[in-house]
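Annotated active site per TrEMBL: C:Asp304, in sequence order. Annotation comment: TrEMBL describes C:His52, C:His54, C:Asp146, C:Asp304 as Zn(2+) 1 binding site. Annotated substrate binding site per TrEMBL: C:His54, C:Leu55, C:Arg56, C:Asn86, C:Asn277, C:His308, in sequence order. Residues or ranges marked as Zn(2+) 2 binding site by TrEMBL: C:Asp146, C:His173, C:His226. Residues or ranges marked as domain 'Dihydroorotase catalytic' in TrEMBL: C:42-230.
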Amino acid sequence: MKRHLISAADLSRDEALLILDTAEELARVSERSIKKLPTLRGRTVVNLFFEDSTRTRISFEAAAKRLSADVINFSAKGSSVSKGESLKDTALTLEAMGADAVVIRHSASGAPHRLATWVHGSVVNAGDGTHEHPTQALLDAFSMRRRLGALDGRKITIVGDVLHSRVARSNVLLLHTLGAEVTLVAPPTLLPVSVDTWPCAVSYDLDAVLPKSDAVMMLRVQKERMNAAYFPSEREYSRRYGLDRDRFAKMPDDAIVMHPGPMNRGMEIAAEVADSPRSTIVEQVANGVTIRMAVLYLLLGGDTA
Amino acid sequence: MSASRAVLEGPDIHRALTRIAHEILERTKGADEVVLIGVPTRGVTLAHRLGERIEQFEGVKIPVGSIDITMYRDDLRRGPARPLGRTELPADGVDGKIVVLVDDVLYSGRTVRAALDALSEFGRPAAVQLAILVDRGHRELPIRADYVGKNLPTAKSEKVKVFLRETDGRDAVTLMKEDAR
Amino acid sequence: MIIRDVRVLGGEPVDLRLHDGVIAEVGPGLKGAGEEIDGGGAIALPGLVDLHTHLREPGREDAETVETGTQSAARGGYTAVHAMANTSPVADTAGVVEQVWRLGREFGHCDVQPVGAVTVGLEGRQLAELGAMADSAARVRVFSDDGKCVSDAVLMRRALEYVKAFDGVVAQHAQEPRLTEGAQMNEGVVSGRLGLTGWPAVAEEAIIARDCLLAAHVGSRLHVCHVSTAGSVEILRWAKSKGWNVTAEVTPHHLLLTDDLVEESPVGAYNPIYKVNPPLRTRADVEALRAALADGTIDVVATDHAPHPVEDKESEWSAAAMGMIGLETALGVVQGAMVDTGLLDWAGVAERMSYAPARIGRLAGHGNPIEAGAPANLTLYDPSHRAPVDPSSFASRSRNTPYRGMTLPGRVVATFLRGKPTVLEGKLV
């Protein structure tokens, strides 16, 4: 493993599989009565959250604590950051506190790269702007692997606001590394102009892609995109790109449905689809803790000098 | 330059395990409450072999499991993070049982210490015993084995390597001398 | 004073006699008493003229002042710079432009020719008092809202028409604002991967096309600032083929650097040292800009020297200021990108970096060929010098150069402003 986990592109196939295999073993720990491991005793993990994301922060916090690391939560709200302290000054403060790892969530794409130039510890990207969210992609891959087996040759469809989605970017890169065939489905306005250079296929037609999909991942669509003319109305979006019951029926019988959350039920995904046994949405949350334990263990468990 | 010689061959290992199986039966009065837990990788293989012997001798099926000690090691920071082994405890757990930890080589005792720590997270056995194929000495902790296949005096500069059919294609224990330069 | 052994525009070695701020004589083996300077075979260029400099004074003296900015210019071989209007207060009145002009005269490192704002406060709503600035002591001829685009078509038309009365020119910062809301870098392969909001080429090209048509319609002069895309070059080539009075500039950095530096560079990904407006584009754009500068479609190299203090660049990408300093590296970059590649000779460099910008800015006294009777504004340049760029040696108050540690060719040996050296042996006088 490299020192940081900032982009899914940082991971070789072997490294990605090592994380998934490690998580597989750690999942057993989550099932037993004493969930705590002594492995990271004396290590300090800082959760540096410049954006509200209680779910992701709690997931990282639980992961670090189950490995016995000391956890410091540093959120931008009510701290010096909101008073205009720069990212660099914050980084130097964390450095002085002896952070072995900094888990950073930031609204600016690339903030983790910048942080990594200012701190000695490992930097874990917990979502940066519209760039990447590698641990989400890892937990998605983990969830898929548990349901589908090895991902080589599997057909994964990602639907929604790819342009603004860090989840989509990380998933495309990681799933490609793991040998899956990814198809992005979105209205053309919500795809980057350069998407043809990505290691995936692109379609505007969800109905054509669904019958050939082993897993369908629905992305959250933010309603404010409508006001910026990315699509005309919620109704039209939902009609063309939402996963409703009729579309769900077109999927192969063993295909699964995923969503990184939080969901807009009734918009990109129908409630009964989200709650079906073929939906992994609840597992994804549990798997989040496990995969983050694996990442923290592999980054911090060994010699980090 | 280094030279290795076999200190135990297949039949020796077979005999040693047979003897240990008998000792376990004797010491635990029929092995009714015994659970064999191997330390990955070769300790697990040995635990399964011991289980089979005991079943052959007495017709009782002994639960066999594995316990990975990686996360409990005290030397994790001396190298890159290690891949994890498998932990698989018998369905009935370890509470109130006589757990026999099984490993291939006993050396500093640190692995056993880690295994005891790991085991304590899963329950409270009535007793924990230790079965080992080769005891090569040089203990750094107050730990001793209850069942020993062979005591093997070694120098610290020597390397002991265990080969087992299931993982390595043959049964043997070799001692490799690091010649002085 | 006699300057011995220089090669005018790279020609045969000659001597130059300077007297009373004028070149008195040019020729081999000049006789005479008095002070002598050994040119050591350096190339003599007419003093460089920058059409696009941000001196930051008044308002952001922590980034640059007229004094440090003109020192930086002199070290880069410049004898005149046009100071952009986006100061605080904005240079939108005769008072502000005269203040800047006077500061330049006081320090004397190079002439400072203020650029006036097109609209009050650069806000794009109401024309500034262009005539008052033109009539002031600063004699403003170039008007620009640089940093912001005059995006309102009617306002742009009026500005183009209005400046005809005093032979002015509107220098447009071509950036369609709606197409670049929140834009962070060139929209393309790299922006898509990095998740940074794209800055499409069309946002520049659409404004250039519109403004060329407007300038033709009202028969006025248009100058296009910092052209950055291959498409812009095509539009300019077409406008010039019509005989329209359109000129354009390119910055040194757009002749050399590309957008993939944002993803991969010696200073790490997302390093805002590469954040600039307009953004760095692709290799194909760089090639098109070089070709356009060579064939005259682009008239001028202008630095867009944009100083920023360290804290405005040591941040996450989206929070960082846009801009790079460039006065002290411009000639080296142009040599590397244009001369050493065979695209331009030294006469071409003199045209693009001295004659043409002086002509567009209507700067009498600058941009004249090196011959007897011309004002003694000179730059002596050693093109064989090679050294890594060391920002700590810069005269500029800021250090936001993208060339740190990069080996650039050439060195300005000496600069003369009206016969007086402002730089000798590469050092400020």
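Each position is counted from 1, following the chain as shown.
Keep in mind that glycine also has a Cβ here, set from the backbone N, Cα and C atoms.
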Taking the Cβ of C:His54 (Zn(2+) 1 binding site) as reference, which residues of that chain separated by at least 6 in sequence fall under 8 Å from it?
C:Glu64, C:Gly69, C:Ala83, C:Met84, C:Asn86, C:Asp304, C:His305, C:Ala306, C:Pro307, C:Gly323
For each of C:Asn86, C:Asn277, count the other CB atoms within 10 A of its CB; which of these binding-site residues has the top count?
C:Asn86
Counting Cβ neighbours within 10 Å across all chains shown, tell me which of the binding-site residues C:His52, C:His308 comes out on top.
C:His52
If you skip the near sequence neighbours and keep only those at least six away, which residues in the chain come within under 8 angstroms of C:Asp146 (Zn(2+) 1 binding site), Cβ to Cβ?
C:His52, C:Met84, C:Ala85, C:Asn86, C:Val115, C:Ala171, C:His173, C:Cys225
Give me the Cα-Cα distance between C:His226 (Zn(2+) 2 binding site) and C:Asn277 (substrate binding site), rounded to a whole Å.
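C:His226 (Zn(2+) 2 binding site) to C:Asn277 (substrate binding site), Cα-Cα distance: 9 Å.
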Taking the Cβ of C:Leu55 (substrate binding site) as the reference point, list residues of the same chain whose Cβ is under 8 angstroms away and which are at least six residues distant in sequence.
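Long-range Cβ contacts: C:Glu64, C:Thr65, C:Val66, C:Gly69, C:Thr70, C:Val81, C:Ala83, C:Met84, C:Thr87, C:Val100, C:Val112.
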Can you check which residues sit near C:Arg56 (substrate binding site), meaning Cβ under 8 Å from its Cβ, same chain, 6 or more apart in sequence, and list them in order?
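In sequence order, the residues whose Cβ lies under 8 Å from that of C:Arg56 (substrate binding site) (at least 6 apart) are C:Ala63, C:Glu64, C:Thr65, C:Gly69, C:Thr87, C:Pro307.
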Give me the sequence-ordered set of same-chain residues, not including C:Asp146, C:His173, C:His226, with a C-beta within 8 angstroms of the centroid of the Zn(2+) 2 site's C-beta atoms.
C:His52, C:Met84, C:Ser144, C:Gly147, C:Ala171, C:Gln172, C:Ala174, C:Gln175, C:Cys225, C:Asn277, C:Pro278, C:Asp304
For the Zn(2+) 1 site given as C:His52, C:His54, C:Asp146, C:Asp304, which other residues of the same chain have their Cβ within 8 Å of the site's Cβ centre?
C:Thr53, C:Met84, C:Gly147, C:Cys225, C:His226, C:Ala302, C:Thr303, C:His305, C:Ala306
With every protein chain in view, how many other Cβ atoms are within 10 Å of the Cβ of C:His173 (Zn(2+) 2 binding site)?
25
Can you count the other CB atoms that lie within 10 A of the CB of C:His226 (Zn(2+) 2 binding site)?
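Result for C:His226 (Zn(2+) 2 binding site): 24 other Cβ atoms within 10 Å.
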